[in-house]
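Colleague: To start, I am sharing the structure in question, which I have written as structure tokens.
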Amino acid sequence: MNNQDQTISQRDKKHLWHPLTQHKTSGEMLAIAKAKGAILIDEDGKEYIDGIASWYTAVYGHCNEMITQKVAAQMQKLDQVVFSGFTHEPAVALSEALIQILPQNQEKLFFSDNGSTATEIGIKMALQYHHNLGNDRKVLLAFEEGFHGDTFGAMSVSGLSVYNGAFEEHFLKVLRLPVPVGENNQKVLSQLQGLIAENNIAGFIYEPLVQGAAGMKFVDADGLDQILKLCKQHQILSIADEVMTGFGKTGKNFASDYLSEKPDIICMSKALTAGLLPMAVTSCTRAVFEAFYSEEISKGLFHGHTYTANPLACTAALAGIELLQSAEMQSNIKRVEASHRNYANKLKNELKVKNLRQLGVILAFELDVEMERYGNLRNKLYSHFMEEGVFLRPLGNTIYILAPYVITDPQLERIYSSIDRALKKF
Ligand SMILES: *Cc1c(COP(=O)(O)O)cnc(C)c1O
């Protein structure tokens, strides 16, 4: 029975178990009733600027009418159908649109449900590719501190943390490489040469240019290009996890567009469906696909999720790509970029601001204060922003902005001034 005299936040506590939450020490969950553009509205009517585009999904704004109308129309026509033995217009149209904007070497698309399954499939493609070709390659390579999701393969290639520590003994075999940041490029490269000489590596998974969950850490593009080149020379398949970086956030459609070495496999989710519905795509080259193309049934990729290529999610993704390519959205991205650059110029002179960095609409820095002085600084920062109607989720002492592209200039100013006040307060 609903208890209508209680708030949604109160009713929530009875049956719901939230992600990434220690319920004993966390407070009440905030009930969000509505969202529009860059604004979230809670059950009491208080507004918050969505400074992280709801985990990097709603980049064209919440409840975007162009997208919701197309999905509503599709909903009346075909809701869901098996994608094994069947196909449909939204999936085919999406494949054509995606191939247009993906790096040119990408040719085949495999659908799934979320970022973790996208990387899980990328890992399985790399392992089975070598298995099918008769190569003895069972080890994977990943960056330290990377994050690729919460399923077992994805956890295995992610850096160790509270997220995956309890499952360590069940992991796949993974070798780790430090992230190239410029001055260490040569060292990282010779470490990689050593690893290649001593191991049979099947694939290398990485977040291109920006490691999201690690705290928006930047990767040196030249260093990464050299790693990818070496991988290619040794038939190690490269798997670009663009789940966070994809669809315009770095200022280009994909972070891989900044690199000269193109990946064999690309993982996409989050903004793929514009924040409307969950879906993911793992794309690959013709060469990867051909290793599975055979008279032998067992050489196929026997992986499949029930909601594979759901027509509604495909429609949302197709509408999202149309928006991304529009002149209006491209100028929004440039406007947010320029606004961040201006603000970064001001922040540069702040003593407490460390490692200031920007790429596209992503702006991040570390707050250089004695963490102990403030107890749990991260939670205090979070509360400061929320009280001021700004939804930012600092990662430790890293403050970052990744707002929807449609955020207005006054809304951007409100985020900046709230950060300014945090710099005074802490
Ligand atoms: C969020 C994220 C994932 C996991 O995606 P989910 O949809 O949360 O499973 C994987 N890789 C990267 C880089 C991410 O940012």
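The backbone N, Cα and C atoms fix where each Cβ goes, and this holds for glycine too.
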Colleague: Same pyridoxal 5'-phosphate site as GLY115, SER116, HIS305, THR306 according to TrEMBL: which of ASP50, ASP241, ASP368?
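Modeller: Checking ASP50, ASP241, ASP368 against TrEMBL: the pyridoxal 5'-phosphate site match is ASP241.
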Colleague: Which of SER116, THR306 (the binding-site residues) has the most other Cβ atoms within 10 Å?
Modeller: SER116
Colleague: Report the binding-site residues (GLY304, HIS305, THR306, ARG393) that meet this criterion: Cβ distance to the nearest atom of ligand 1 under 6 Å. Use sequence order and write none if nothing qualifies.
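Modeller: The qualifying binding-site residues: none of them.
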Colleague: Under a three-state reading of DSSP, tell me whether ARG393 (substrate binding site) is helix, strand or coil.
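Modeller: SS state of ARG393 (substrate binding site) = coil.
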Colleague: Just give me the nearest neighbour of ARG393 (substrate binding site) among the binding-site residues GLY115, ASP241, HIS305, Cα to Cα.
Modeller: GLY115
Colleague: If you skip the near sequence neighbours and keep only those at least six away, which residues in the chain come within under 8 angstroms of LYS270 (substrate binding site), Cβ to Cβ?
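Modeller: Same-chain residues close to LYS270 (substrate binding site) (Cβ under 8 Å, separated by 6 or more) are TRP55, TYR56, THR57, GLY115, VAL243, MET244, GLY246, PHE247.
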Colleague: For the binding-site residues listed here, GLY115, GLY304, which shows the highest count of neighbouring CB atoms within 10 A?
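Modeller: Counting every other Cβ within 10 Å of each candidate, the maximum falls on GLY115.
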